[in-house]
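Asks: Encoded as structure tokens, here's the structure I'll be asking about.
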Amino acid sequence: MWITLFLFKIICFSMSQAVGGNSFTTQKPLRCGDVLLHCTQSSLSWTRCYEENIAKCELKTRIFGFSRQTVNSSLEGDLNPTSHHRVYITSSSFEGAATTVMASVINSTYFKLSPPQRSRLQFHRREGTVLRGLVLAVKAVNMTENGEIIRNLLQPIMLFFKHNNMNPEISVTNLDAEKLSYITYIGSALSVIFTFISLIIFIWLHRRCPEKAIGLHMQLTGAMFCLHLSFLLCSFWEWLRKNEDSSICLVLGLFLHWSLLATLTWTALEGFQIYLLLIRVFNIYVRRYLLKLCLVGWGFPTFVATICGISGVYGKYTLQLREAKNGNSTAQMCWISSDFQSRRPLVSYITTVAFPLLVVLFNACMLGLVVCKMWKLRSDDKKMNFGSSSDWKEINKEKRKRLWKDCLTVLGLSCVLGLPWGLASTTYVSLTGIYIFTILNSLQGVFIFLWSVGLARKS
């Protein structure tokens, strides 16, 4: 009996030593995306916990801010945890066995929460501003010698940081980010409601008087309804399933991208309609005109979104919010994945920057033509009224009414032609520009509703 009790104590003591001897590691390897959260919630030194768990975490898909690669004497290492950070290791840096190299980009605010204690990672504190508020940590582990850290490299590890001093990024505080989020969500919710009502109004107007312009407005309103609805769904899903990649997020990202492309395409077609009316004027009849426009308005976005979906473009997008005093914070949603943008930024640039820019420039020219035509008509009216015996007070009153009517028409056409999208350029200049862009574009559905009510009264 004493021998049994003695063996039981030895087993319990050995198990307690095995668990307590390495309190930073977990029994089951964590997912690489959960290591930082797990370690910062621990009461122990999070730097040492992160160092030991990140070396053996599970990496099923690429994660924004983390990259891992195996390097040996015949294979060089080139890691890109983000689009602004790169780690390059020559094949001659290591000799002998293969080595696992990990590169992590960590928010600098974590280093202010608890100073590193007894960690093999070397952190040198210096006064000043951290570049983009992000810290790049690199670790190399030998794969055959019990995971020992590599020392005395034959060649140094090269670190690359992208930074543009001529185009400084605007600092957005957490309070401003929260306000902008509320504005966006409330505005998009109102736009969903009012675009749905506007769609009903345009359908009624089209049945009553089947004009081409009404049909165009109806298609644009439907695309805008899909845009704001998909944005709310993408944001809500990411909030509901935070830090989790799923096929639903991919579908929602595709839906949002398709809706944006459809809205921009129909906006461009609205400008094309004005071009036919003001420039071509004669011989503008096209057989099945609206059907052909639908093939372009819905076909082009579907084609582009399908190609992007097959190419694996969509996923979780991480937005970095930079605050001058308190460092960085992140916001995530289902969109074009940050990983894909870091590897192939051309797709995102063409579909979300170049294409909207071309649409806005073309429609701005069309609006300028409308203003010129209206100015010419009002000038002709002045010549006709000159020298008449009519009451000048009545004439001035009528002129003021026409002026207000013309201003409202220009404002309405500006919304229909998507010119508020052009205010995206102001978001790179000041925080005020971000607020203006957010308010006007989140309330697009409300402006379309006012335009539909004006057309209904006119009819």
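Cβ coordinates come from backbone N, Cα and C, glycine included.
When I checked TrEMBL for this same protein, it listed these features:
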- 180-456: domain 'G-protein coupled receptors family 2 profile 2' (DOMAIN)
- 1-18: signal peptide (SIGNAL)
- 182-205: transmembrane segment (TRANSMEM)
- 217-240: transmembrane segment (TRANSMEM)
- 255-278: transmembrane segment (TRANSMEM)
- 290-314: transmembrane segment (TRANSMEM)
- 346-372: transmembrane segment (TRANSMEM)
- 403-422: transmembrane segment (TRANSMEM)
- 434-456: transmembrane segment (TRANSMEM)
Asks: Please indicate, using numbers and ranges, the residues of the same chain that are 6 or more beyond the transmembrane segment (403-422) and have a C-beta under 8 Å from a C-beta there.
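Replies: Residues 217, 220, 263-264, 267, 270-271, 274, 356, 359-360, 363-364, 366-367, 370-371, 374, 378, 437, 440-441, 444, 447-448, 450-451, 454 contact the transmembrane segment (403-422) from elsewhere in the chain.
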Asks: Spell out yes or no: are there three or more C-beta pairs under 8 angstroms between the transmembrane segment (217-240) and the transmembrane segment (434-456), with each pair 6 or more apart in sequence?
Replies: yes
Asks: Just to confirm my parser: what is the rounded mean pLDDT across the domain 'G-protein coupled receptors family 2 profile 2' (180-456)?
Replies: 87
Asks: Using a Cβ-Cβ cut-off of under 8 Å, list the residues of the same chain that are 6+ residues beyond the ends of the transmembrane segment (182-205) and lie near it.
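Replies: Residues 214, 217-218, 221-222, 224-225, 228-229, 231-232, 235, 435, 438-439, 441-446, 448-449, 451-453, 455-456, 459.
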